[in-house]
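S.K.: Copying in the features that Swiss-Prot gives for the protein in this structure:
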- 3-116: domain 'Response regulatory' (DOMAIN)
- ASP52: 4-aspartylphosphate (MOD_RES)
- THR100: phosphothreonine (MOD_RES)
- 128-227: DNA-binding region (DNA_BIND)
- THR191: phosphothreonine (MOD_RES)
- THR217: phosphothreonine (MOD_RES)
Amino acid sequence: MTSVLIVEDEESLADPLAFLLRKEGFEATVVTDGPAALAEFDRAGADIVLLDLMLPGMSGTDVCKQLRARSSVPVIMVTARDSEIDKVVGLELGADDYVTKPYSARELIARIRAVLRRGGDDDSEMSDGVLESGPVRMDVERHVVSVNGDTITLPLKEFDLLEYLMRNSGRVLTRGQLIDRVWGADYVGDTKTLDVHVKRLRSKIEADPANPVHLVTVRGLGYKLEG
């Protein structure tokens, strides 16, 4: 059974959502603050985390940082704040999606399913083998990436994005192609999400992220991974 960890201090939102998730066949656990979320994750794990940005005490961004240090578990940020900077910060920390309150519980469950589908894609074209491009080596089956022999940690979306780029090394991929492949054709949003993930990837695979030579921008088109 797919487990969902709900980190939300508003019981009026968390409890009905947990009830609906259970009706839909998920295992749902609710915690109301950051330390409890980390303790529960360490105790039982989770297949996906719904994380409120505005938590009492330890913020959602700090919780996301701690989760990313532990795991590549998918994270959907949930918040009442609709500021673009909030979204960018959440995505830079490794969140896989971002939902603004008030939201439809059914819509949120659809997003959960979409994120889990993308994370569990078993298409053989995109799921097996060892890929190499320049200093980057990816073992797709083991979900391990190394740069110049040093292992790096990538959240799920960064891993998926890098895998698609590596499978198309030397080829220009448009922003639309990348978003459709990594976030899905039902993704609603702009290209800033992609650009944030590219920036994060560059910080991990480039010797000088400000002057990339491997993951390069093709002006007016998209991105290309050079071998």
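Every residue gets a Cβ built from N, Cα and C, even glycine.
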S.K.: Which secondary structure state does DSSP assign to THR217 (phosphothreonine), in the simple three-class scheme?
M.R.: strand
S.K.: Long-range same-chain neighbours of THR191 (phosphothreonine), Cβ under 8 Å, sequence gap at least 6?
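M.R.: Listed in sequence order: ARG175, ILE179.
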S.K.: Around THR217 (phosphothreonine), how many other C-beta atoms are within 10 angstroms of its C-beta?
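M.R.: Around the Cβ of THR217 (phosphothreonine), 13 other Cβ atoms lie within 10 Å.
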S.K.: Do me a favour and check the Cα-Cα span between ASP52 (4-aspartylphosphate) and THR100 (phosphothreonine); whole Å is fine.
M.R.: 10
S.K.: If you average the pLDDT over the DNA-binding region (128-227), what number do you get?
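M.R.: Reported value for the DNA-binding region (128-227) is a mean pLDDT of 88.
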S.K.: Round to the nearest Å and give the CA-to-CA distance linking THR100 (phosphothreonine) with THR217 (phosphothreonine).
M.R.: 30
S.K.: Looking only at ASP52, THR100, the modified residues on record, which one has the least crowded Cβ, with the fewest other Cβ atoms within 10 Å?
M.R.: THR100
